[in-house]
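Some features that Swiss-Prot has for this protein:
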- H110, H114, D317: Fe cation binding site (BINDING)
- L132, V133, S134, G135, G136, D165, G178, D182, N289: substrate binding site (BINDING)
Amino acid sequence: MLCLGIETSCDETAVALFENGRPVLEKLASQADLHAVFGGVVPELASREHLRRLGPLLQALFAASGRSLADVDAIAVARGPGLLGSLLVGLAAAKGLSLATGKPLIGVDHLHAHLLAATIGRDVAFPALGLLVSGGHTQIVRLESALSLEVLGRTLDDAAGEAFDKAAKSFNLPYPGGVYIDVLGRGIAPDKTLFPRPFLDNDHFDFSFSGLKTAVASYAAAHPELRAGSLAEAGGAIDPEAWPMALRRACSSLNFAIAETLRIKFERALDRQPGPPASLIAAGGVAANGPIRAMLADLAARRGLPLYLPEPALCADNAVMIAAAGSRLAEAGYAHDLALTAVPRGRKVPWDYAGGPSGKAASVDSASPAQ
């Protein structure tokens, strides 16, 4: 099966072809430079850029791959959660292509696709316990199979990625700041007491990073030397040696606080599974963070479980994961009609496919049992 994937959920415009379990080709246009001027994603600009770039990217994809739309067996598109205006651009394109060609349309849960990115090209054993960490979501998910999911815990306010982004703003780091915090903290021993490990004094698997955001902002306000305007330009590229040691230690300490918080909750969930999972999975943009990847590798080694992490390029938003998830869904007989709707961030993505085997899989954004 050859599946076309379309990703426009936030600020990456991407299209990809995926065939028989392997990516064929992806074309991606990043908007990072556009939004860097504003210190974050501007939704109106993001949707306009998707509209401008999506058509040429599709043309470039088919030209470079030697394939045509006639070769495609299914059309998959990210339907949410994400920025509503951005999602609508991708959905409009996918619906138009489906209507014109008669090819099946598959709306893909963006979070589900992130988790399945860790399985691309790998024979992952199920059930698996998954950790999804991104700019907008932090979840612990049990995967009975690739298409059967149960959310065990999620963030009650801010996600881990949001904590990284807001901390970067507090320290006046360039956008996207999470990458700077990761790189600047490398090789520096963290001060393990500098920042709190939030929301651990409970007995469930949910997260809250709002308190950590406040702690970092307070620390930055008390140390204005870390927010000097010149810091944003120091070193040009990410050259850790060009940045003040005090800032690097703060970044290392923040990496530790977030990684340790994730570890404690993830290990708590692992201990309370009805049966031991066969695999561990982690995915999402924050899963590219070095200390978090190292923490997960250590946890997996201690538990004697295989750990599956996406390649760094597949941690960020991309169309390969949308096409891969769409392929699995299409092969199982799932599809949508043209009434498919976009689901903005903060809303549950419904499992409203037509066809497929009996029984439903839970949405990846379903409510946590702890709420």
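From the backbone N, Cα and C atoms, a Cβ is placed for every residue, glycine too.
Listed binding-site residues: H110, H114; maximum Cβ neighbour count within 10 Å falls on H114. Each of the binding-site residues L132, G136, N289, D317 was scored by the other Cβ atoms within 10 Å of its Cβ; the lowest score goes to G136. Taking the Cα atom of each, H110 (Fe cation binding site) and S134 (substrate binding site) are about 11 angstrom apart.
The Fe cation site is set by H110, H114, D317; from the centre of their CB atoms, other residues of the chain with a CB within 8 Å are E7, S9, A78, G82, L111, A113, S134, G284, N318, M321, I322.
Here is what falls inside 10 Å of the CA of H114 (Fe cation binding site) among the binding-site residues S134, G136, G178, N289: S134. Geometry remark: G136 (substrate binding site) versus D317 (Fe cation binding site), CA distance 12 Å.
Maximum intra-site Cα distance, substrate binding residues L132, V133, S134, G135, G136, D165, G178, D182, N289: 18 Å. In sequence order, L111, H114, A159, A160, G161, G284, G285, V286 are the residues near S134 (substrate binding site), counting only same-chain partners six or more apart with C-beta under 8 A. A straight line from the CA of N289 (substrate binding site) to the CA of D317 (Fe cation binding site) spans 15 Å.
Note on G178 (substrate binding site): other Cβ atoms within 10 Å of its Cβ, all shown chains, come to 23. Straight-line distance linking the Cα atoms of G178 (substrate binding site) and D317 (Fe cation binding site), rounded to a whole number, equals 15 Å.
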